[in-house]
């Protein structure tokens, strides 16, 4: 589970459409609708995402590399669209309309995904395999694009809209709201990551029973419908702000003008200026330019960060695919491969308080200057170590691959297929080579030269090897499998899924140290009205990280998966060294002090502004302060 906080800035005095909003125990009743909406939306997103890569692999029939590529393309889009959502909300529609309209788009996308997973729609011959896979692929891609637009577009709006429901004197209640909001996100993601893989593991269908992806996607779609209805139901009680411009656009225009002006005055006859952003002074005030300089200084540190996310987000792709080759038998119950992702949010709940209350205080007592940037470096190294653990585990898995071969004792040539893999034609009294297949039920199709078919199901154990003998007495028909004999060459010797806990533990420790600290650092180093600009930059690093994964996966130049894990770990170690050098030369700023040089503040206003720069705790749960210039809101997405 990724930590992301949305910082909503306030440049001017708030202009609200005030209403006599009903309250309960000092809290606006309207926040109930917002919290329930967020729980349902996060359930919908994480539930769909948990089974997505397996849908690509087992339903669409893509290989691991293409499944990984499309998965990370989708995630990248989910982290690019929040910038668009923020601009639409702040400059055009306002938060409420943006959430409603994009939630409708989001809901349609989830429904389309559920429809795309119904194999019976195009299974005209009723053999359990869709006859028009192009239709299912096109539908799923359309659904994912709509979901990416919807979930990303509302990401920067919902928490900020919740904060808008409180009056200026309700700082304590607003802080409590964000804590409840945070819990609703965790609850939604935890439950969905647990439940949707169970739904997927069920068998459903009209003509033939298959893994129930329609149900696994349908339940998140239903939750998104509930989320939309609940949010709209609270319409009459909401306090709404009018759109008043987006600070990100102002920053981009200021930077663009500085670059253009510097280019127009590039000749030596024009005197040099202290900083290239000073070329914007002809159009923009010095306070804005100083604030942009501070933002650019932090954004420069963001350059190496995408490599961390390139490793982190593979929990839902490569690590889930790795789990499909492992034994999930836990005695009385069986863990599904996509359920292993739940280890991360569970460990988050455990590790965050341990780090805050035990690890960091202990380090401080040892008189170690564990600065935020040093913490982030350690977090990156821990993520690299997690991939080393994944590589070592993959080496053991590769030793225990499941293999199967066929021997044709029949009188004519036979073809043997499973999914898209084909063995044959195999001549009479000849055998095939070994084929690596996933564990569980393997559905083989046997076809003769006349086109007659026979479906043979074989239960495969982990690390086992089988020889399937087609006898001379074999005949096609309803009882074609009666005489087929499967001989076990090697007994199952599976690697248990529990071994993945090691890499999940290392990655979660890295996430806590890297992500939470990075957001806290970014908040403390950001100008008072530009928290959202740095948030946009942070989300962009996540998107770029996922783009790195899809590039590596699509290249597919490495023959072994363990080698790819080692490659990612090595790249992150190299990037960590670069980041450590950048951090060494970084000078920490006091944004309030810098801003004070450009504007007159009376003692009381300065005191209030100081409060606005104070973080509540190490999770960066920042109270929404009473300053006229800052109305800082944050959340975990």
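Quick reminder: no glycine exception, Cβ is built from N, Cα and C everywhere.
Over in TrEMBL, the protein carries these features:
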- 43-62: transmembrane segment (TRANSMEM)
- 68-87: transmembrane segment (TRANSMEM)
- 99-118: transmembrane segment (TRANSMEM)
- 138-163: transmembrane segment (TRANSMEM)
- 175-195: transmembrane segment (TRANSMEM)
- 215-240: transmembrane segment (TRANSMEM)
- 294-312: transmembrane segment (TRANSMEM)
- 342-363: transmembrane segment (TRANSMEM)
- 375-395: transmembrane segment (TRANSMEM)
- 501-521: transmembrane segment (TRANSMEM)
- 533-553: transmembrane segment (TRANSMEM)
- 565-589: transmembrane segment (TRANSMEM)
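Residues 41, 44, 48, 55, 59, 85, 89, 93, 136-137, 139-140, 142-151, 153-154, 157-158, 161, 213-214, 216-218, 220-221, 224-225, 227-228, 231-232 of the same chain sit 6 or more residues outside the transmembrane segment (99-118) yet have a Cβ under 8 Å from a Cβ within it. Only pairs six or more apart in sequence are counted, and the transmembrane segment (533-553) with the transmembrane segment (215-240) gives fewer than three Cβ pairs under 8 Å, not enough to call it a contact. Within the chain carrying the transmembrane segment (215-240), a Cβ under 8 angstroms from the stretch's Cβ atoms is held by residues 16-19, 21-22, 28-30, 32-34, 36-41, 43-45, 47-48, 51, 55, 94-96, 99-100, 103-104, 106-107, 110-111, 113-114, 116-117, 161, 164-165, 192, 195-197, 199-200, 202, 204, all 6 or more beyond its ends. Most Cβ pairs under 8 Å to the transmembrane segment (43-62), among the stretches 68-87, 175-195, 294-312, 342-363, 565-589, belong to 175-195.
When each of the listed stretches 138-163, 175-195, 294-312, 375-395, 565-589 is scored by C-beta pairs under 8 angstroms to the transmembrane segment (501-521), 375-395 comes out highest. Against the transmembrane segment (375-395), stretch 294-312 shows more Cβ pairs under 8 Å than any other of 138-163, 175-195, 294-312, 342-363. Segment contact holds for the transmembrane segment (175-195) and the transmembrane segment (138-163), given three or more CB pairs below 8 angstroms at sequence separation of 6 or more.
The list of residues near the transmembrane segment (342-363) in space but at least 6 beyond its ends in sequence, with Cβ under 8 angstroms from a Cβ of it, reads 1, 186, 189-190, 193-194, 315, 370, 500-501, 504-505, 507-509, 511-513, 516, 617-619.
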